[in-house]
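Copied over from TrEMBL:
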- B:21-43: transmembrane segment (TRANSMEM)
- B:55-74: transmembrane segment (TRANSMEM)
- B:81-98: transmembrane segment (TRANSMEM)
- B:104-124: transmembrane segment (TRANSMEM)
- B:136-155: transmembrane segment (TRANSMEM)
- B:175-196: transmembrane segment (TRANSMEM)
- B:228-247: transmembrane segment (TRANSMEM)
- B:267-292: transmembrane segment (TRANSMEM)
- B:304-323: transmembrane segment (TRANSMEM)
């Protein structure tokens with residue numbers, strides 16, 4: 001029997017950037033199919049090509065035995081493919097019944113047939129064992145229920161395939177279980193599901209087969225039962241377990257010495273829903289890596305340390321004293337700096353100059369009687385432009401006109417000029433060309449050798465293994481391994497990501 | 001977001017930039033030349049003084065509005081705050097005179113207390129916006145509606161006559177022949193322009209308007225700065241309300257500051273400040289306020305009815321926004 005859905009050799013470029021080069025996806029009837037890959041692997045683009053949000057540049061798609069092309073998500077829905085997004089895309093202030101029937105015609109004599117809509121909504125929800133008051137507005141229900149409503153709506157279109165893009169990221173354990181029950185129910189009715197998630201345990205719990213993507217191409221697909229977790233993670237990250245590269249591909253150079261006096265210590269940090277139990281410590285003059293798959297709570301953990309979010313549990317200490325920043329301002333005053341992973345949304349102020357962006361955090365200290373000391377400001381900026389080799393036409397150039405690598409250097413300088421004790425770097429080399437990447441990595445090492453404590457979050461394993469002196473590995477919001485010295489190998493990190501083993505080094 | 005630094009900027013864009021920078025000044029020059037040639041007695045000291053007298057409240061309120069808009073916000077309540085300050089002044093004066101018997105103290109209090117009240121209400125706007133994360137346009141709409149009502153209730157809807165000569169100096173006084181309130185406006189523009197360019201708060205205002213999340217993560221006290229700009233907007237509104245009362249020698253809660261929010265926002269937009277925040281020019285706002293005043297003068301002096309002048313004002317705002325869009329990539 002031919003598969004329900006077959007996508008072959010799909011390619012898609014946005015301008016000069018290739019998002020998909022050679023992607024394929026086969027889904028059998030009544031199958032629950034996992035689609036996984038790192039950030040930028042092309043999962044979302046592939047789904048958007050399937051649902052008609054994007055038009056593919058090349059490749060063939062067949063669905064239900066015939067060539068398939070959708071002109072829009074609405075068109076795809078009419079043809080039997082429904083998509084449920086991470087954020088529920090429904091109308092919160094309208095009733096459950098109206099939402100379930102959204103996009104379908106329920107009218108009598110030109111007026112809405114509310115009775116029929118309610119009956120239809122009850123009928124569909126009953127299939128999931130849900131008995132709701134369908135007259136109540138949707139946003140009065142928990143997210144999980146809203147998601148069920150979204151699925152019920154999808155089934156109402158007599159979908160043959162339901163695509164779920166990270167449906168569990170905002171659900172708790174019990175809610176996840178009831179979602180799984182729904183998926184199994186769909187399967188029993190012969191409806192297929194494509195399930196996108198980063199939580200390995202969930203994938204193994206509910207999925208039959210898996211397609212793994214990397215760099216815009218499908219690299220492997222097979223039965224979940226035949227691919228062990230470790231293999232899955234290694235394939236996804238593109239690491240060959242047998243031949244871990246010797247020597248450096250990164251610009252970090254030689255590592256520093258052993259553990260030192262801790263500058264900062266975090267114990268059992270907790271903040272729902274992504275941080276469950278995270279601990280780490282960073283000493284002066286060392287680089288500590290924070291590793292983990294997407295959604296493991298890396299960024300969320302360091303945001304707690306910087307006061308960007310408030311911890312709901314656990315404790316932090318700075319120089320041996322209790323530390324609980326309420327705002328980033330407090331953390332900065334205590335000697336912390338934080339380079340975010342999202343330069344554009346959280347880093348640069350696009351219209352301000354290189355000079356102003358660089359001194360944004362330092363400016364209060366350059367101020368006397370409310371007026372900024374322009375000369376000192378310019379001196380400091382000139383020094384860091386030279387030291388970091390920032391390429392700009394002048395410090396007065398708006399930062400938005402700089403390349404990604406140079407923007408990142410300006411943001412690094414924003415913290416370096418405050419002379420911090422601890423620098424938190426979240427994906428310091430993401431979206432930066434190779435040359436600038438090496439320069440930034442070498443700079444980080446140089447700073448650590450000068451006595452700075454560095455906490456580095458990275459999704460690139462080689463950056464952690466080669467760059468960090470020690471590393472903590474997170475999995476589903478928990479620190480599952482602390483690795484140092486000879487233990488800090490790609491194998492051990494990947495193993496911890498997959499299974500959650502514990503290393504011996506204190507971290 | 002790769003190497004944009006190496007790509008030469010398209011010519012049309014820099015022409016748009018030049019237009020945005022100088023368009024308002026050009027429009028002002030054209031208006032001045034046109035009036036000098038056509039409008040009778042335009043260049044007489046009397047006409048110039050009337051224009052300066054009338055533009056001062058707009059200019060003062062618009063300077064503070066520039067700072068509010070630079071943070072990415074807006075303040076619709078300025079006209080109503082003017083009405084409240086204006087309504088308070090005669091009441092405070094009468095009460096102070098009855099109690100202390102001193103006209104000097106009465107005038108001092110009738111200036112200080114209304115302005116303080118306006119500052120407090122402006123600060124309240126900022127507090128509501130930051131505490132409950134309500135959009136500025138909605139939060140200040142509350143005081144826009146309620147404020148004028150409060151002013152009318154305070155005065156029982158009556159016009160209060162207030163012809164106190166010392167208080168009247170605010171609106172009728174001259175220093176070296178120049179209307180006092182025009183000097184106040186110039187001082188406000190100078191202070192605003194200097195603060196925006198050189199002071200810590202000024203730079204933080206622009207950082208917040210340009211990227212609020214980045215500003216917060218860089219330690220900018222976002223909440224404090226926002227409350228400050230709305231309080232400053234209250235201060236400017238309070239002063240402008242008193243000037244209006246002084247000019248008329250009476251306070252009418254129905255009319256004081258009516259439509260001011262639109263004049264001030266128009267002045268800011270025409271002056272070249274980005275309405276989305278992050279880019280602002282106080283001197284541009286002064287030019288914008290002068291343009292709006294001159295358009296009104298031109299139309300009225302040449303027999304065009306006031307109602308038609310509103311349409312022209314709207315066209316000006318549209319033009320300003322259009323020019324802003326030209327400058328963006």
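Positions of Cβ are set from backbone N, Cα and C atoms, glycine also.
All annotation found in TrEMBL is predicted automatically rather than curated by experts.
For the transmembrane segment (B:81-98), the partner stretch with the highest count of Cβ pairs under 8 angstroms, out of B:21-43, B:136-155, B:175-196, B:228-247, B:304-323, is B:228-247. Non-local neighbours of the transmembrane segment (B:267-292) in the same chain are 20-21, 23-25, 27-28, 31, 55, 58-59, 62-63, 65-67, 69-73, 185, 189, 192-193, 196, 205-206, 208-211, 313, 316-317, 319-321, 323-324; each lies 6+ residues outside the stretch with a CB under 8 Å from one of its CB atoms. Contact check: the transmembrane segment (B:175-196) against the transmembrane segment (B:228-247) gives at least three Cβ pairs closer than 8 Å, residues 6 or more apart, which meets the contact criterion. Beyond the transmembrane segment (B:136-155), the same-chain residues lying 6 or more positions past its ends with a Cβ under 8 Å from any Cβ of the stretch are 68, 73-77, 79-81, 83-84, 86-88, 91, 121, 124-125, 128-129, 230, 251, 253-254, 256, 258, 261.
The transmembrane segment (B:228-247) and the transmembrane segment (B:55-74) are in contact, since at least 3 Cβ pairs between them lie under 8 Å (pairs 6 or more apart in sequence). Tertiary neighbourhood of the transmembrane segment (B:104-124): same-chain residues 75, 77, 81-82, 84-86, 88-90, 92-94, 96-97, 143, 147, 164, 166-167, 170, 227, 230-235, 237-239, 241-242, selected by CB-CB distance under 8 Å and a gap of 6+ residues from either end.
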